Each structure stands twice: as structure tokens, then as C-alpha cells.
Amino acid sequence: MDESPHPYIPTDLKLPGYVPISMSMSSILTIYLGTSLFVVSVVWFLFGRKKASLDKLLMCWWAFTGLTHMILEGYFVFSPEFYKNNTSCYLAEVWKEYSKGDSRYVGRDSAVIAVEGITAVIEGPASLLAVYAIAKGKSYSYVLQLAISLGQLYGCLVYFITAFLEGDNFATNDFYYYSYYIGANCWWVLIPLLISFRCWKKICAATTTVETKPVTKKKIR
């Protein structure tokens, strides 16, 4: 199969059947940001005054990140030849565009596939479960949020460390490197760190309360 010229690094990356991206960067980002804003707005207004602002923010985050994991990353994992797509499918266009910042995606790097697979299949549904847990005030809410956040942090560590060990040279230019590779991923480091710290404090406080609570003995009649 003939190979069309591609914009990715390294330039000798083999992509037989590659179909150039047809959507502009602005169109891709507008659709993504607009859809994300819609999801966040629905979650925020759906619960109205029923929850504190911080809880609503957390629910918005988990809904946003859960759908991103399941839909965007899920498509990448289960569509190994997305770079051949010639139908202007939005999800395929997203990954053709993002690969300008990290060509390991279009090149189907095994470490990236593994990280994204776990993220899409496990962390995605777990994130939506976190929305439900916060909404219903479930006892496992903080443990669940801590577990997902640690999973996201671990995935980011693997993502960045493997890139560093392989030379960290997968971006078309500095713009894509800092806007996509760094900028698009930094939120999945910063926010999970903050959530982990909060959940850790909540769990420790609850444990301390239980351990220091005096045990009342029942009278034997």
C-alpha cells in the first residue's frame, strides 16, 4: 500500500494508507471544548442547590474526565488504523491532530496503548461511578476518588517517563509539544494530585474519629 507524506516525527515513520487530516485545529478544539462545556453545565445545573459548590465541581470533573477516557481514548485503543480513516470521522481527526504533539499515538506505541487501554476501560467507568457516589453521598466516595486519581497519576508518570527514556522527540515542533504533549496532559497531573490530597485527609480524619470514639459496653441483664 502506498504511503502518503505525513507531518509526524520521525519523518521515516511508516504509516501505510495514511490519509491526511481534513479538519482544522480550530474546528477540532471548538467541538471538543463546546461538548465538554455542555457536559459540565448539565452536571452543574442538574444538581442545583442539592450539593456544595466543591462537590459539584468534582462531579463536573469526573463526568468530563470519565467521558473523555471512554469516548476519546476508547476510540484510540480500539481503532488501531484511525490514521487511514478517510470519512472525516471526528474522533479519528482528533487523534491525527493530537499525534502532531506525540507521534507515538499514530505509531501505535505499545506503552501508550497499554496506558490508554487501562484508562479507557477501567478509569473511565470508575469516573462516572464517582459522579454517582458524590451525588448519593456514598461511603466509598473518597476511596473511589483516591483510587482513580492515583491511577491517573500513575498513567501520566508512565506516559511521560517512557517518552523521556525513548528520547522525548515525538512532536512536530515546539508549539505542538507544549500545547498538546504538555498542556493537554498537565491537568491530569494537577487535578488528581489535589483530589488525592483532599481524599487522603478525609479518609484519615474519618479513621481517626472511628479509632478515638469510645466503645460503649452493653449492660448484661
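Every residue gets a Cβ built from N, Cα and C, even glycine.
Noted in TrEMBL for the protein shown:
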DOMAIN    54-196  domain 'EXPERA'
TRANSMEM  20-47  transmembrane segment
TRANSMEM  59-78  transmembrane segment
TRANSMEM  111-135  transmembrane segment
TRANSMEM  142-165  transmembrane segment
TRANSMEM  177-195  transmembrane segment
Folded-back contacts onto the transmembrane segment (111-135), same chain, C-beta under 8 angstroms, at least six residues removed: 43, 47, 51, 55, 58-59, 62-63, 65-70, 73-74, 76-77, 102, 104-105, 141, 144-145, 147-148, 151-152, 155, 158-159, 162
Secondary structure composition of the domain 'EXPERA' (54-196) [DSSP: H/G/I, E/B, coil]: 112 helix, 0 strand, 31 coil
